[in-house]
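Record features (Swiss-Prot):
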- Cys147, Cys150, Cys200, Cys203: Zn(2+) 1 binding site (BINDING)
- Cys164, Cys167, Cys186, Cys189: Zn(2+) 2 binding site (BINDING)
- 5-70: domain 'J' (DOMAIN)
- 147-154: repeat 'CXXCXGXG motif' (REPEAT)
- 164-171: repeat 'CXXCXGXG motif' (REPEAT)
- 186-193: repeat 'CXXCXGXG motif' (REPEAT)
- 200-207: repeat 'CXXCXGXG motif' (REPEAT)
- 134-212: zinc finger (ZN_FING)
Amino acid sequence: MAKRDYYEVLGVERGASEAELKKAYRRLAMKYHPDRNPDDKGAEEKFKEANEAYEVLSDAGKRSAYDQYGHAGVDPQMGGGGGAGFGGANFSDIFGDVFSDFFGGGRGGSRGGAQRGSDLRYTLELDLEEAVRGTTVTIRVPTLVGCKTCDGTGAKKGTSPVTCTTCGGIGQVRMQQGFFSVQQTCPRCHGSGKMITDPCGSCHGQGRVEESKTLSVKVPPGVDTGDRIRLSGEGEAGTHGGPAGDLYVVVNVREHAIFQRDGKHLYCEVPISFADAALGGELEVPTLDGRVKLKIPEGTQTGKLFRLRGKGVAPVRGGAAGDLMCRVAVETPVNLNKRQRELLDEFRKSLQGDDSHSPKASGWFEGVKRFFGDV
């Protein structure tokens with residue numbers, strides 16, 4: 001019976017990448033593996049066919065020969081350079097994943113079974129003032145801690161874990177599948193080499209219990225949204241004697257009523273009357289350190305930025321403090337009384353025919369005239 005095209009066997013295009021080949025092969029290996037299809041000759045043949053296809057296509061040299069000459073290029077009986085082994089393919093890596101799926105375990109278990117606890121994340125809400133000046137806060141974090149009843153062993157007090165009978169205490173088992181052998185984490189003890197025959201009643205044999213920890217967090221001055229503070233060893237407790245993970249406190253700075261922050265600089269809007277904008281003046285503006293005087297020159301327009309150097313934020317990693325940028329907003333008066341309206345009307349009449357008082361408006365109107373061909 002003629003062999004099927006190897007690309008067709010794996011269900012990939014001829015230009016498939018190494019990752020695509022591996023993904024396709026792993027899917028077929030999972031589907032047709034003999035352990036999942038006992039006494040199914042058809043599945044066994046498809047499993048062997050997928051093995052053969054992947055063994056050739058995962059090796060650059062064999063794949064090149066196959067692409068050029070077809071099966072004849074890799075079949076030694078037909079003069080090709082291929083062999084019967086699995087030289088180019090890393091089946092151990094792939095089947096480590098496959099077997100872990102069969103048994104529900106992971107490939108990360110090391111000999112002895114000690115595993116580091118998971119890292120935790122906690123979002124810390126801060127006011128702008130707290131973020132700029134630094135602070136110390138107390139937080140409560142739900143986590144997994146070592147069981148005090150059994151000292152983290154998982155075994156009932158007065159008893160001890162026994163040697164795993166499946167792996168003989170080494171935490172690994174060797175599995176033979178056809179042409180190859182794979183060493184895998186023991187599915188019974190999950191790599192610890194030990195079995196708990198009489199589990200602790202407090203943690204039910206897990207060696208860890210849920211608990212909320214109260215921690216004090218020192219927040220350095222200058223932090224900003226997204227900055228992380230690492231508390232080493234304050235994550236979840238490890239298993240089988242493994243170290244605890246870390247806690248990452250992630251800063252989120254709340255919006256401020258007056259200031260907007262951009263890195264080390266602060267921005268604020270300063271409303272002024274149109275009289276102060278025209279005649280100039282002096283007013284007080286807020287900073288994080290208190291009020292300061294800001295001189296407004298005559299003829300100030302809306303949007304004008306005034307820089308107060310050093311009144312921003314000192315960066316958390318050191319360096320000069322940023323600046324406070326005050327953006328002027330000229331306000332139009334409302335709710336005028338009769339006398340005020342008369343004065344403004346008189347003022348408006350005094351401006352007629354003299355464009356020098358409003359250079360931007362004059363330029364704008366001239367542009368409009370040119371646009372419509374009025375000049």
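Placed from the backbone N, Cα and C atoms, the Cβ positions cover glycine too.
Here the structure is a predicted model, which means the values were calculated and not measured.
Recorded features from Swiss-Prot, shown on the structure.
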residue: Cys147; record: Zn(2+) 1 binding site; Cβ contacts under 8 Å, 6 or more apart: Gly154, Cys200, Ser202, Cys203, Gln206, Gly207, Arg208, Val209
residue: Cys150; record: Zn(2+) 1 binding site; Cβ contacts under 8 Å, 6 or more apart: Lys156, Lys157, Cys200, Ser202, Cys203, Gly207
residue: Cys164; record: Zn(2+) 2 binding site; Cβ contacts under 8 Å, 6 or more apart: Gly171, Cys186, Arg188, Cys189, Ser192, Gly193, Lys194, Met195
residue: Cys167; record: Zn(2+) 2 binding site; Cβ contacts under 8 Å, 6 or more apart: Val173, Cys186, Arg188, Cys189, Gly193
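Cβ proximity to the Zn(2+) 1 site centre (mean Cβ of Cys147, Cys150, Cys200, Cys203, cutoff 8 Å) flags the following additional same-chain residues: Lys148, Thr149, Asp151, Gly152, Thr153, Gly154, Ala155, Pro199, Gly201, Ser202, His204, Gly205, Gln206, Gly207, Arg208, Val209.
Averaged over the repeat 'CXXCXGXG motif' (200-207), the predicted model reaches a pLDDT of 88.
Cβ atoms within 8 Å of the centroid of the Cβ atoms of Cys164, Cys167, Cys186, Cys189 (the Zn(2+) 2 site) belong to the same-chain residues Thr165, Thr166, Gly168, Gly169, Ile170, Gly171, Gln172, Val173, Pro187, Arg188, His190, Gly191, Ser192, Gly193, Lys194, Met195, site residues excluded.
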